[in-house]
Amino acid sequence: MSDTMLDIAKQALRLATQKGASGVAAKATLDREVGVTWRDGKLEKISEASTRRLDLELYVDGRYTAVSTSDLRPDALGPFLDNAIALTRTLTPDPFRGLPDPALYKDQSTADLELDDPGYTAVTPVERRARAQAMEQAARTVKGSDAIISVTAQFTDTSTESHRVHSNGFEGSRRATEYSASAEATVRDPNGRRPEDWSDVTVRRYADLADLGLVGRQASERALSAVGAKKIPSAVVPVAVDSRVAGNLLRRMLNPLSGGSLQQKRSFMEGKLGKTIGSRLLTIDDDPLLPRGLGSRLYDGEGLTARKRPLFEDGVLKSYCIDVYYGRKLSMAPTSGSFSNVTWKPGTKSQAELLADMKNGVLITGWLGGNSNDTTGDFSLGFKGFAVRGGKIAEPIAEMNLSGNHLETWKKLAAVGNDPYVYASFRTPTLIFDGLQIAGT
């Protein structure tokens, strides 16, 4: 860890206190990102950026503001704080604003979450370029590759170091790395369309990267499998949602759990704590202590000690997502204002086995826009994917629509796969729903 960045956070806290702030939270962050993009047989872009940033939450005379700066020169910090504190004094007092109760900082885990790759600095420019090039080349080795119009592959790695200090006693530091590899392919369709699809992986440690040739091949195969896609008739049918896109549907259902939505009466989850929201298969945890998890942390963005907590158990809502501010407004204990790793109680069957059991319906493999109303729970989402006939994936479909209400839809959850998507913080498996409304022709 860099003493310099920690020193900057502490210096900002001291100065802000001296200049009249009654409460201060300071966070100093150092980010480095390196990326290589390989497109259609050629190196398209190499980028590298390092940024330093100071974020401050200031509490002055019952008033609050959040400010940030990237100018961390010692002689610039004082004037910046003078202006920020003067601005804060012009705002309307808010009695609910304030630093967290220090009791919420206690009992922080000392576990090594393995978020930082000790070999990060050993990754060379040659390796990055070779990784991106290998994905692009592999994408062109699949059957039907003569229909490929374009392939773009990207390899990116990041290193983040952050230090957070509060004037009422909190101090925390973390360092994390990420490696992301992705490929996107566009292909030619005889009907004049240009289907495209993607594949990607994101991990904490370089050694955990999957076969990146597979990433390239999957992107092309998925795009090619969509050739000839068309609408099918509207119906109420069983619906399977592929694991790599199921997290999007889940996130739309979880958004109204936030304290802000609840307090502002914009949540269909209001008053539902302890009530049944879904089938017994809806068993989900928020697990911040998962080793190498993409959402893992020892403390959250307010310094609250991170703890595993259930969100749903056997379909019953067990916890809201409450930060300190809205916890005070709602007279509820804070749980955390953000999700970490959202994990499921896994099923025992693969996607292929689930589709065999489903027999007929549709498999959703991508979303095409849409909306979800946090207040009512109604949603309408465009999708693409495949028809399922006789338990097998059949013809590709596109420009379809899935509609319903979350309070009804999740009660129709009929099966959960054994295939959680591990390359995201929402580790959602394949989901099977009974009798959902799809619209096409």
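In case you wondered, yes, glycine gets a Cβ from its N, Cα and C as well.
Per TrEMBL, the feature domain 'Metalloprotease TldD/E N-terminal' maps to 32-86. Across the domain 'Metalloprotease TldD/E N-terminal' (32-86), the DSSP tally of helix, strand and coil residues reads 13 helix, 34 strand, 8 coil.
What TrEMBL lists as domain 'Metalloprotease TldD/E central' is 123-225.
Look at TrEMBL and you will find 159-196 tagged as region 'Disordered'. Within its own chain, the region 'Disordered' (159-196) has Cβ neighbours under 8 Å at 1-2, 5-6, 9-10, 13, 16-17, 21, 23-32, 99-100, 102, 105, 108, 115-117, 120, 131-132, 135-136, 139, 144, 147-153, 202-206, 208-209, 212, 215-216, 218-220, 222-224, 226-229, 294, 297-299, 303, 398, counting only residues six or more beyond its boundaries.
What TrEMBL records for 186-196 is compositional bias 'Basic and acidic residues'.
Per-residue pLDDT, averaged along the domain 'Metalloprotease TldD/E C-terminal' (236-440), amounts to 98 for this model. Under the heading domain 'Metalloprotease TldD/E C-terminal', TrEMBL lists 236-440.
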